[in-house]
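Asks: Got a structure for you, written out below as structure tokens; questions coming shortly.
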Amino acid sequence: MDRLKSHLTVCFLPSVPFLILVSTLATAKSVTNSTLNGTNVVLGSVPVIIARTDHIIVKEGNSALINCSVYGIPDPQFKWYNSIGKLLKEEEDEKERGGGKWQMHDSGLLNITKVSFSDRGKYTCVASNIYGTVNNTVTLRVIFTSGDMGVYYMVVCLVAFTIVMVLNITRLCMMSSHLKKTEKAINEFFRTEGAEKLQKAFEIAKRIPIITSAKTLELAKVTQFKTMEFARYIEELARSVPLPPLIMNCRTIMEEIMEVVGLEEQGQNFVRHTPEGQEAADRDEVYTIPNSLKRSDSPAADSDASSLHEQPQQIAIKVSVHPQSKKEHADDQEGGQFEVKDVEETELSAEHSPETAEPSTDVTSTELTSEEPTPVEVPDKVLPPAYLEATEPAVTHDKNTCIIYESHV
């Protein structure tokens, strides 16, 4: 019985390692199966977005890198679309040269080599593999730095500057034209009707110590009136145009000119000699010469010394004595006025009047009687004032006698 137990024990002991081996093999198989199953889970994954980027800001002219940021097993394939849904493709020839504007890498990077302002917008990355597809969108913003706006503003500034310059030049031309017209009008006035006649009349009045005729007075009055009228016209013309007040005080200037030539300022009086009993009350027959005007050293008594360099001129004075008719004498006594006429008008009235008591006597045609003074004609020299003063009382004794003085240069 003991032998049988020992034999069973010996038989059982060899079977234990076998069981351990069998269990070990079974455990190894299960582990292998579990490992293989885990490997299959890791290698077969759907693409996932590992990072999200909202927008990218790029300066115009620079390059831009846009990352899709998608991971998957196996590696997904990437496609890029712009904001209008157009698929971006890299041309083969550009890919071989390594150039081109759009460069797409296998890792999901989109490289825009030279960004323009028209490239702004949203870019969508589509990543796909055998397990699925995922999309990722990134917005590209471009900073506009092109020189077109600078050129635009430069053109606007040049146009504005040109307009301002044209307006200024037009205004200056209008001012210049206005001043030229004003100057031309003033010069034309004084050249035709102004200072020339007035100066001539007063030069004759200065050279002869008597008033020549009533026509000189009329000329002076007309000239003064026209001068003042032109001054008012120039003043109104200057006020009508919005220009600087260059000739606003033209009337004052004209009045000063009148004072210089002796029409406004009180000075020395020279009165024409009238017959006895006749009052020279008419103020129109009185000329005034200002005291401020001094005669020059010229022998011709000019207002300036210009005649010192000129040849001397001689003045001849012709005196005509004409008896008045009875009708004219009666009119003078009744009306109490004395009218002065020119030499030509007096001679014509004396020749054609049928009521004249006796014919007029002229120094060149008729000789006077011993009772009347002999008229004197000096063709080549100026009569001295003493001779004139000596002959005047003899002539003025007759109330019916009219004395006419005529001067010739």
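Keep in mind that glycine also has a Cβ here, set from the backbone N, Cα and C atoms.
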Asks: Region 'Disordered' per Swiss-Prot sits at which of 72-91, 272-291, 292-311?
Replies: 292-311
Asks: Would you mind checking which of C11, C68, C173 shares a disulfide with C125 in Swiss-Prot?
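Replies: As annotated by Swiss-Prot, the paired cysteine is C68.
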Asks: Labelled N-linked glycosylation site in Swiss-Prot - which residue from N67, N168 would that be?
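Replies: Record says N67.
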Asks: Mind giving me a neighbour count for N67 (N-linked glycosylation site)? Other Cβ atoms within 10 Å of its Cβ, every protein chain shown.
Replies: 17
Asks: Measure from the Cβ of N135 (N-linked glycosylation site) and count the other Cβ atoms within 10 Å, all protein chains considered.
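Replies: Other Cβ atoms found within 10 Å: 15.
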Asks: Please compute the mean pLDDT of the model over the topological domain 'Cytoplasmic' (173-409).
Replies: 54
